[in-house]
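Following: one structure in structure tokens, then a few remarks.
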Amino acid sequence: MDDVIQTFTKTLAPYVSENFLKDFTQSLYMPRIRGARLQRFEIETAEKPLGNQQIPIYAMEKLPTLPDELTTWLQNQVPWCKDGFYLPEEVKIGQTLVHQTGCFYVQEPSAMGVVEVLQPKPGEWILDLCAAPGGKSTAIGKKLHGSGWLVANEIHPERVTVLAENLERCGVQATVTQSDPSILAAAWPEIFDAILVDAPCSGEGMFRKSAEARQEWNPELPAKCAERQKNILHEAVKLLKPGGRLVYSTCTLNPIENEWMIDWLLKHFPLRLLPINNLPNWSLGLDIPGIHPDIVKHVRRCWPHLLAGEGHFIALLEKVAPSQTTSFNHSIKKSPQREKTKSNPKDSTHLWLDFLNETWQASIPDEWRFPIQQGNVLFSQSPLPKPLVPVKTLRPGLALAHLREGKLIPHQALASGAHPSAFAKSLDLPGQEALAYLRGEAMAISTNQRGYLLLTWLDTVPLGFAKAVPGRLNNLYPKGLRRVLNS
Ligand SMILES: C[S@@+](CC[C@H](N)C(=O)[O-])C[C@H]1O[C@@H](n2cnc3c(N)ncnc32)[C@H](O)[C@@H]1O
């Protein structure tokens, strides 16, 4: 560890004072900082427009206030993220009911700053280009409140599966793609209101958190990573609408992947840098000869010896030039073009609508009326235009149901991503029974209700579906997700 840290810290010596470097180096031997972000609750209830009495459709549309039972998890708030909390080292949140049900996402605190800077707004179309495992995508989904659309992309096949699972666990609907950014740029030019490039990087900011990051580092790595980042950013600009926002972030601290990358972006693309005002106590950029003072002033760095967070870099840009090509203005279109997919046999749509008639009490959103069938799963339609070239898509939208031997079984993603109050039939379980359900146990619970029920915990947290038959509930929690949890 010493060798890597010494070689790396020496590379920063030309830009910072001796004392700064000494304090920074010492901080790399201190314990890492951990955090969790609240996903299924609001710290305080967001104000809702008066008179909107409709039953919400999506879980993120209307979130309940954090119940007292859960406040013990959350003691110290992260100053730059209302939903973020520091976790003491000894707290193991991963094997708990709150984590399994997507109430929290375990996230390093400085990483929480990125989506605060992106500031997704309901109604916007957002692309998270390097999205796995999903820390920022889940936060974006929360801020969209079930309106607008998220495309979460990840190039690596194994990591994209984890991304899709995390989005589903956290109740976020999205299109999940596994694509090179150049394919996405050819498929959907200039359609996104905001794009996040949370770039693959040399990971120097993660040195004290991850032995792997230290082992993989070598002095040539930052320049290699910078080449890959340029390729990704080049495509990101093509995907962004004029006037759209681009957030570039890394968890590394060298200037090649950070200030110099912003300098390169501003010199090559119609972008302007915007100030970042909502990251209290974060540092300015490195003051390097050749770097414009506005870059130093506008970008932000998290140094682990100055803040309670690991090393991070964030910049916010806006696309300024009018486009050469016709840009796609989705805000004009009142209702997106719905595909009546050929691959979707008529009877599967009927089965799905029958299921809704029996179990659903909110209005049926347009995007659910003609689901897309991929394999044996039905998905909601996304509002995106048909891609101009084929895109490898793991999840076109929210997974609604499985089709098995002519029968329809509701999907776990529907239980997690739809609003619990929209189901006509549901049953709330106390903690111990909720844990038994998540272990996959058969449940000797009698209820007058029959057929598919949504099971909840604390009246607000969806657990999954069960089928009520006389004298018991058949447990439909997916086998692959069943866990023995501590509490
Ligand atoms: C820093 S991580 C992203 C972390 C993620 N945003 C989160 O918050 O959980 C960078 C990701 O970019 C992916 N990646 C690597 N090369 C890529 C490329 N050429 N295009 C898109 N993504 C790439 C990596 O597999 C990795 O998952």
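The first residue you see is number 1, and the count goes up from there.
Cβ coordinates come from backbone N, Cα and C, glycine included.
Residues or ranges marked as active site, nucleophile in TrEMBL: CYS251. Look at CYS251 (active site, nucleophile): DSSP puts it in coil.
In the three-state DSSP reading, GLY134 (S-adenosyl-L-methionine binding site) counts as coil. TrEMBL lists CYS130, ALA131, ALA132, PRO133, GLY134, GLY135, LYS136, GLU154, ASP180, ASP198 with the feature S-adenosyl-L-methionine binding site.
Annotated compositional bias 'Basic and acidic residues' per TrEMBL: 336-346, in sequence order.
Annotation source TrEMBL lists domain 'SAM-dependent MTase RsmB/NOP-type' at 24-320. Mean pLDDT for the domain 'SAM-dependent MTase RsmB/NOP-type' (24-320) in the predicted structure: 95.
The region 'Disordered' annotation in TrEMBL covers 327-346.
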Looking only at Cβ atoms, how many others are within 10 Å of the one on CYS130 (S-adenosyl-L-methionine binding site)?
22
Taking the Cα atoms as reference points, how far is ASP180 (S-adenosyl-L-methionine binding site) from CYS251 (active site, nucleophile) in Å?
21
Recorded S-adenosyl-L-methionine binding residues, CYS130, ALA131, ALA132, PRO133, GLY134, GLY135, LYS136, GLU154, ASP180, ASP198 - maximal Cα separation rounded to whole Å:
20
Rounded Cα-Cα span from CYS251 (active site, nucleophile) to GLY134 (S-adenosyl-L-methionine binding site), Å:
15
Using the structure shown, find which entry in ALA132, CYS251 (the recorded positions) has the sparsest Cβ neighbourhood within 10 Å.
ALA132
Taking the Cα atoms as reference points, how far is ALA132 (S-adenosyl-L-methionine binding site) from CYS251 (active site, nucleophile) in Å?
14
